[in-house]
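Trainee: There's a structure below that I have some questions on.
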Amino acid sequence: MDRNELERIIREKLQEILGAEKDDTFMVEASGRHVHLTKEHVEALFGKGYELTPAKDLSQPGQFAAKERVRVIGPKGEFSNVVVLGPCRSFSQVELSLTDCRQIGVKGVIRESGKIEGTPGILLGVGDKYVQLDKGVIVAKRHIHMTNEDAKRLSVKDGETVKVKIHSDRPLIFDDVLIRVRDSFRLSMHIDFDEANSCGYTSGMTGSIEK
């Protein structure tokens, strides 16, 4: 068992314990820069018939970090070795922090995942193969994944925005946190590395909705 798998199991056990002790507390996870690809773009970058290789399960059921990596190339710079998340989607999307966007010269547009109309494009590369996206670069709006049962218990609904208190050595309250409800989800809040740095993020950190 590798370290990432062990951390995932620990997070799940902590969630069970915290859920039993305090129903309104949930795990907070920090997401680094990453890419979602369509099947067409996977084949364009890695070869015809190519399938992503799962390397690590993510906290959301069925989602995984793939072994494959890409270059994200902007007007003023690029990031190499950017992780691809699977499975393939119906649209390609690049998720960066605002700091990342400034570094490579791309406009940072804060959006819910999947809401890519009107967002900047970017060039993706693997070796001598490239894919030009005409849209799809977003700064992910901070959000909480939950089931319908979780939403009922926490008195929130899909698409609502809430305030979340972060329990850490640098406690703060995040405003405008999006609620995303689907029964295939597992309860957890997702923030990016800029947000994680602002609250002194550590693995296993928790949050709760402020009423």
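For all residues, glycine too, the Cβ spot is worked out from N, Cα and C.
Relevant sequence annotations retrieved from Swiss-Prot are reproduced here:
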type: BINDING; residues: Ala30, Ser31, Gly32, Lys76, Asn197; note: CoA binding site
type: BINDING; residues: His34, His36, Glu95; note: Zn(2+) 1 binding site
type: BINDING; residues: Arg89; note: phosphate binding site
type: BINDING; residues: His143, His145, His190; note: Zn(2+) 2 binding site
Trainee: Note the Cβ centroid of His143, His145, His190, the recorded Zn(2+) 2 site, then list each other residue of that chain whose Cβ lies within 8 Å of it, in sequence.
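Mentor: These residues sit around the Zn(2+) 2 site: Arg142, Ile144, Leu178, Arg180, Ser188, Met189.
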Trainee: How many whole Å apart are the CA atoms of His190 (Zn(2+) 2 binding site) and Lys76 (CoA binding site)?
Mentor: 28
Trainee: Excluding near sequence neighbours, so keeping only residues 6 or more apart in the same chain, what lies with its CB under 8 A of His145 (Zn(2+) 2 binding site)?
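Mentor: Those within reach of His145 (Zn(2+) 2 binding site), by Cβ under 8 Å and sequence separation of 6 or more, are Gln60, Arg180, Arg182, Phe185, Arg186, Leu187, Ser188, Met189, His190.
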Trainee: Restricting the comparison to the binding-site residues His34, His36, Arg89, which residue's C-alpha is spatially nearest the C-alpha of Lys76 (CoA binding site)?
Mentor: His34
Trainee: What whole-number Å value do you get for the CA-CA distance of Ala30 (CoA binding site) and His36 (Zn(2+) 1 binding site)?
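Mentor: It is 17 Å, counting Cα to Cα.
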Trainee: Rounded to a whole number, how many Å is the Cα of Gly32 (CoA binding site) away from the Cα of His143 (Zn(2+) 2 binding site)?
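Mentor: Cα-Cα distance, Gly32 (CoA binding site) to His143 (Zn(2+) 2 binding site): 15 Å.
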Trainee: Please give the maximum pairwise Cα distance, in Å and rounded to a whole number, for the CoA-binding set Ala30, Ser31, Gly32, Lys76, Asn197.
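Mentor: Site span for CoA, by Cα atoms: 26 Å.
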Trainee: In the same chain, which residues outside the set His34, His36, Glu95 have their CB within 8 A of the centroid of the CB atoms that define the Zn(2+) 1 site?
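Mentor: Along the chain, the qualifying residues are Ser31, Arg33, Val35, Val84, Leu85, Gln93, Val94, Ala140.
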Trainee: Whole-number Å only: compute the distance from the Cα of Arg89 (phosphate binding site) to the Cα of Ser31 (CoA binding site).
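Mentor: Distance between the two Cα atoms comes out at 18 Å.
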Trainee: List, in sequence order, the same-chain residues at least six positions removed whose CB sits under 8 Å from that of His34 (Zn(2+) 1 binding site)?
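Mentor: Spatial neighbours, sequence-distant, of His34 (Zn(2+) 1 binding site): Ala65, Val82, Val83, Val84, Leu85, Val94, Glu95.
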